[in-house]
Amino acid sequence: SIMRKRKTADSPHTSTDLSEEKEKLRLKKEVGLISGVSFIAGTMIGSGIFMSPEWVLHQMGSPASSLLIWAACGLLATFGALSYAEIGTIIKESGGDYIYILRIFGPFPAFLFAYTSVILVRPASLAAICLSFAEYAVAPFYPGCSSPQVVIKCAAAACILLLTIINCLNVRLATSIMNIFTAAKLLALLVIVVGGLVLLAKGQTQSFQNAFQNTTAGIGVVGAAFYQGLWSYDGWNNLNYVTEELKKPEVTLPRAVMIAIPLVTGLYLLVNVSYLAAMTPSELLSSGAVAVTWGDKVLGSWAWLISLSVALSTFGSANGTFFSGGRVCYVAAREGHM
């Protein structure tokens, strides 16, 4: 027994020390309600709302049915986010899906989730978002022709490196950038909304006459339309990845969800109305990038602002994806799964 006591005393890391170290390893609570709302809305509003509307309309066939799909996608995202807010107030740990799977189903499925998230899902998602950013960011430098792929890829790589540095330096810096870019993209969407309201006031309501005409029915069609619409709502659960960094998470998390998702849903519906006010359904379907076509029709020589807005929007969304993805690595490492 003396030898056992001596070994315990000489050991640099006893089980008590390790548990104490684990308890001490916590990120600072620096995310408030405004940052939480910006985080959800900023991650959700990416390139989707500027590109997906034509595909939802293509699946559904009529303007009114496509608007119903957008509203239903927002409702579905709200239900999912409220469920996550409930579990987030019970399990007050960062990591989102990973930590919930770990606490409810055990370490093996949680490890599989962390492995696929860190190695495949997050990097692929981030690469796709940054490529969208690069495509719109370099487009003004190549007017009248398509941008070289090597330039787009280099710009996307530079975006990833810049976001890496920002997120490594400081949490407050990353959230400040998120707040700024969320404000910028909300302003851009408001410009589109106001432009659409002006067009409606002038009597451009052709797209809304017999609005349900040519609606296509079928479970497969509706499912495909939901798939296209929900891509624009992706990111509704991202605040759960940073629960430990929230100030008063039991209050901030549900409030941020109930502010951000209805706000984004309302904006998405109004932006779609604006697109349909500026273009006929056939024009919208033939557009390669709906927002850019809207800018050409409504803003004229100021249409470049739309390309800039899409670039800013995708950059902010990439920052949110980076911010939450890093927490999966951090929590998985803390649990011994890295």
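Glycine is treated like the rest: Cβ placed from N, Cα and C.
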TrEMBL feature transmembrane segment, matched against 97-118, 207-228, maps to 97-118
Within the same chain, the residues 6 or more beyond the ends of the transmembrane segment (97-118) and with Cβ under 8 Å of it are 87, 91, 237, 240, 325, 328-329, 331-332, 335, 337-338
Contact count check, CB pairs under 8 angstroms to the transmembrane segment (180-201), set 31-52, 64-85, 154-174, 256-278; argmax is 256-278
